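Presented below is the structure to which this report refers.
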């Protein structure tokens with residue numbers, strides 16, 4: 001089936017808003033499988049992102065400026081879950097987009113808006129760590145107003161690039177299995193292709209470049225600190241931990257957004273390309289699963305957040321800690337520079 005089938009259903013095939021798309025697009029079992037996946041994503045993402053927001057509200061010590069962008073990411077991911085994954089769940093149960101064309105446009109807009117906020121939050125997070133750790137601005141003090149500005153930028157930038165399809169520059173249409181909506185990669189033409197190419201550059205290439213630049217310089221800074229203290233085990237351990245953490249962060253970003261961006265670019269620039277509906281749906285579902293692993297990678301690995309979460313879940317009781325220092329909680333004689341750099345990469349303390 002051609003990639004533009006969402007726009008022109010074959011004779012005898014119900015429209016995406018008219019009735020079940022099985023067996024025309026895929027077997028009914030495929031829709032059931034996707035519904036199970038989306039149900040799992042909705043349940044898990046709602047819990048983990050909700051916990052991030054609630055714990056951050058309840059514990060003042062978590063509300064340091066460097067943590068604002070993490071809460072911003074959790075809010076964006078929760079909205080993606082509510083506006084995108086939950087709608088997709090209902091539609092896949094029914095086999096078509098049951099809410100109609102207007103809701104399709106609204107869902108496409110909201111998922112694009114909050115998705116762009118999420119991916120740019122990861123880029124701003126990397127930039128903030130670079131500024132704090134590498135000090136390119138000298139004795140710069142990262143404060144609340146800087147954190148708020150970073151969060152505001154993600155929403156303003158996302159609105160700038162998610163609103164045009166509502167105003168005539170491209171459009172939001174059913175995609176893949178026709179149970180979710182997104183930008184019109186399929187139809188072609190200068191109107192759609194110019195938007196897709198602009199979106200690819202501004203909402204994938206730019207944030208990815210910023211992430212790679214920031215984390216590369218951060219690792220070089222930490223490596224230089226480790227080289228000056230070759231005998232300090234804590235320094236060497238911090239370098240290894242941060243290196244692993246950065247690799248996980250970058251790979252998670254690519255896993256989430258590379259399939260979606262590549263698919264959009266290929267379809268937009270190759271007219272008449274043949275892509276099966278199931279394959280066309282995969283990139284969208286990859287991006288939605290990020291709402292589960294983003295908070296796990298960026299927040300739940302935070303030692304101080306773990307402590308506050310356990311305290312909240314245990315109704316104020318703090319589990320006994322062993323005397324052995326964990327990787328995230330260096331002992332009293334640990335190297336201050338290494339621990340400081342590590343904590344600022346995955347912040348646990350106010351700066």
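Note that Cβ sites are derived from N, Cα and C of the backbone, with glycine treated the same way.
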Same membrane side for residue 27 and residue 302 per Swiss-Prot: no
Candidate ranges 3-26, 147-170 [criterion: Swiss-Prot lists as transmembrane segment]: 147-170
The annotated transmembrane segment range in Swiss-Prot, which must be one of 195-222, 307-334: 195-222
Closest-packing stretch to the transmembrane segment (68-92), where packing means Cβ pairs under 8 Å, from 31-55, 195-222, 245-268, 277-301: 31-55
Residue, out of the disulfide-bonded residues 104, 181, whose Cβ gathers the largest set of other Cβ atoms within 10 Å: 181
Contact check, the transmembrane segment (195-222) vs the transmembrane segment (277-301), 3+ Cβ pairs under 8 Å, seq sep 6+: no
Cα proximity to residue 288 (N6-(retinylidene)lysine), best match among recorded positions 104, 181, 192: 181
